[in-house]
Structure formats: structure tokens, C-alpha cells
Amino acid sequence: MKILVSNDDGVLAPGIKILANELSTLGEVKVVAPDRNRSGASNSLTLTQPLRVKQLDNGYYSVDGTPTDCVHLALTGFLEPTDIVVSGINEGANLGDDVLYSGTVAAAMEGRYLGLPAIAISMVGDNIQHYETAAIIAKQLVIKLSANKLPSQTILNVNVPDLPLNQIRGLQVTRLGTRHSAEPIIKEYDPRGRPIYWVGPPGIEADAGAGTDFFAIKTGHVSITPLHLDMTHYKLFDHLSNLLNEICIEN
């Protein structure tokens, strides 16, 4: 098996090394990841300048681009054909609305766009101590997916509590929860007195009840959320069609 590993925390992040080492027991692992932290990069792709790649002493490839750049580069000619893409282990949660901004999830999505099964895996906690737990779970999921293919346009978004493996209460298939709107921006001033702005903290949980990814984590379970790349809202078709029929367009 040939496995591509990427992330958004950067090629030197602890999570990616632990993940790659664990997956190496299943086959050949190639690591292609950003040269620095690119958290929040979402699905951005670099189109206005070339990408530069550096191979590190440990064999990993460092790219001066986004997580999506890394996977796109790897799967469209930079590497030999690959069987599966695993993105992570992210240092922090990717729950609910987080997936809209997550470079970790985006790297997995790019793998799926390019025809491969893909998993995004994140650790939930403030000072991550148990990356090995997520790495072992990722390995088991890769084994399962090698024999049981996911439907097209589907990835798995996996969140793991920062706990020793023997304290994990199980795995739950979940839906995305939601957060309230983000907190206001934070305004500060640079040494020259000019205003600068920081994006505010994410909003608190709004929908975090049973069945959500938030709830699974709170109860000590691994959350596994199947995400679909087709974002069409099919249930709205009839209502929207009726609404549009009321609009008169004249030349």
C-alpha cells in the first residue's frame, strides 16, 4: 500500500511524524506538507506563483504552499500513484463549522477530488499529549478502507479526544454540530501606532447535542463524520424553483 500523508500544521509538526511512523507499518508512506503552519487555509490553491519543494533529511517533502497545494502537487505528477490520503494529525479540533476553514480537512478533500479515499484526523485538546492514540485509530481506519471503499465524493473527518487509547470509550458515527457566530475581531496597535487586527475566537457551541461530533468528544468517544464533497442542497430544489417561477424576466 502507498500512503500520502499531509497536514496543515506544517511538515515539522509532531502529529505528522507520529502518524507517518504508525502508517509505515502498512506500506510505503510519503509525507508532503507545508513548510510552516497553514491552519485555516481551507481549500486554497496557489495559482499566481510557482511552488518550491525541499526534501528534508528525514525524506519528508516541504512545500511553500497550502495543504491543498501539497496534495495536489503530490497526486498530479510529483509522486508515483498513491492508494490513500491521510491528513493530520491536527493539533486541535476540527468539529462542526471548523471544517469550512480547516486545512487538515481540505487536504483530505483534495485527495478525494483526485480520486482517492481520504481521511482527516485531529486531536481535541489544548495541550496535546496522546498523538499515538489518533495514529493507531488512523491506522485501523486505513486498514478498513482498503477493504471497504467509501462512496465517491466522501471523506471521513475524524476527531479524537486527547486521551490514552485505553480510555477511549469507542467510535461514533456523527453529524457536524454548529457554533454560534465568531467573536468580534481584536484590535491592537503596532509599535508605530498603526492599527492591526486579529480574527476573534470561534463562537461557542450552538448545536452540540447527541449525535453531533461535539457530543461524541465530550463523552470520550472518537467522532467519525462522513463528509460529502457535493454541496448541492437538493431538498431546496422544489421550493427554489417555485420561487423563481414568480420572477418575470423580460428582454
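Yeah, the Cβs are placed from backbone N, Cα and C, and that goes for glycine too.
Per Swiss-Prot, the feature divalent metal cation binding site maps to Asp8, Asp9, Ser39, Asn90. A sphere of 10 angstroms centred on the C-beta of Ser39 (divalent metal cation binding site) encloses 20 other C-beta atoms.
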- Note on the structure: Its Cβ having more other Cβ atoms within 10 Å than any other among the binding-site residues Asp8, Asp9, the winner is Asp8
- Item | Packing count at Asn90 (divalent metal cation binding site) (other Cβ atoms within 10 Å of its Cβ) | 31
- Task: Note the Cβ centroid of Asp8, Asp9, Ser39, Asn90, the recorded divalent metal cation site, then list each other residue of that chain whose Cβ lies within 8 Å of it, in sequence.
- Result: Asn7, Gly10, Ala13, Asn37, Arg38, Pro67, Glu91, Gly92, Ser102, Gly103, Thr104
